[in-house]
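Taken straight from Swiss-Prot:
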- CYS18, CYS21, CYS78, CYS81: Zn(2+) binding site (BINDING)
- 47-57: compositional bias 'Basic residues' (COMPBIAS)
- 40-62: region 'Disordered' (REGION)
- 18-81: zinc finger (ZN_FING)
Amino acid sequence: MCLRVLDLRIPKVIITYCPKCRTHTEHSVTIYKHGKRRSLSEGERRYARKKKGYGSKRKPEQKRFAKVTKKTVLKLKCSKCGYIIHREGIRLKKAELVEVGGR
């Protein structure tokens, strides 16, 4: 298993399949960013309840190998219908969106 971490240049526009249009169309590419955490959501309240009180941590402390980077998720927006697809990428230190010339 190779644990090589990359820097990747991703084109701003790609042609790929749109499940809503059912054809291959141009998609604009952006990098997905997670939203703000809501402190009153059910999961957040459950987490706070479990964490409350004295004693140990909620989960055991990790002893061995931990991940160094997160997987980059790409948001592909169809230029025809505006449908957005999330596409999971690979582990990257840095993903850079670049303008591809040619046409």
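The chain as shown is numbered from 1 upward.
The backbone N, Cα and C atoms fix where each Cβ goes, glycine too.
There are 21 other CB atoms within 10 A of the CB of CYS18 (Zn(2+) binding site), with all protein chains counted. The highest number of surrounding Cβ atoms within 10 Å, among the binding-site residues CYS21, CYS78, CYS81, is found at CYS78. Residue counts for the region 'Disordered' (40-62) by DSSP state, with H, G and I taken as helix and E and B as strand, are 10 helix, 0 strand, 13 coil.
The Zn(2+) site, placed at the center of the C-beta atoms of CYS18, CYS21, CYS78, CYS81, has further neighbours from the same chain whose C-beta lies within 8 angstroms: PRO19, LYS20, THR23, THR25, SER79, LYS80, GLY82, TYR83.
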